[in-house]
Amino acid sequence: MSGSMYDDQYYATSRRHSLVTPPPSVAPRQNRMRSQSVRVSNGTVSTDNSMSSGRVSEATNITQPPAYSKKFVVVGDGGCGKTCLLISYSQGYFPEKYVPTVFENYITQTLHRRSGKTVELALWDTAGQEEYDRLRPLSYPETDLLFVCFAIDCPASLENVMDKWYPEVLHFCPTTPIILVGLKSDLRNKRTCIELLKTQGLTPVTPEQGQAVAGRMNASYVECSSKEMRGVDSVFQLAVDTVVSLEEQNWDTRLPSSSGKPGGKPIGGKKIKKRSCKIL
């Protein structure tokens, strides 16, 4: 079946079925390492010298070459705060002006806190608008982790997680780990936000509602405020811990030990290389 026919079938099916039941538990497959030269292209913003308030010394003092190279893709409704999340983390400031994203990549580095090793992150921003539905899957190949985002001040964006975003990423990246991220947490208790939603018979999304949806996705759940820089570092530290742990598990389970049986450490530093996201 050709790629175009396959995609047509998916989009036709996604309109009929708004909810997809998670598949049986499958250990996420580890992606292959990618060099920065492969990652960097036109439109990529390199942020190795990030001035993030929480990461200044870490980002500027990293001198060792990356031990890991990971790709994170961010999806969610347009205007829910995806770009602000990536810019706040990688560049250390909150963009006040909203400019819709088509595709944008950010390259930055951080430390895996347990091991102290350097991790290079390629952060892929995507467009949430419907007119880009057929272009967005181009971002998915070789993804190590997915951030599925919604805005806490917009209950409809959480509904769309199960109606649109989870089915889409499950289709294209069935074994890639997911973190559900509640954005704009600073608006939950803001009076103007509460009053505006009240006129529509709505309330801001509660932590319990976010946790419930994450449970249906078999995903981790975190919240943050990019504007206040609250919880942003925790979002990415959880992501880094997740993908590094998966790679270490792959070393233990997929490579032979000195006795020739599975379960050994990497031999000569070599790792099994696999892709977990692809366009069929």
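Glycine is treated like the rest: Cβ placed from N, Cα and C.
Swiss-Prot tags one of the stretches 98-106, 152-160, 161-169, 215-223 as motif 'Effector region', and that stretch is 98-106.
The Cβ of T126 (GTP binding site) has 23 other Cβ atoms within 10 Å, all protein chains considered. Other C-beta atoms found within 10 angstroms of the C-beta of G79 (GTP binding site) number 14, with every protein chain shown included.
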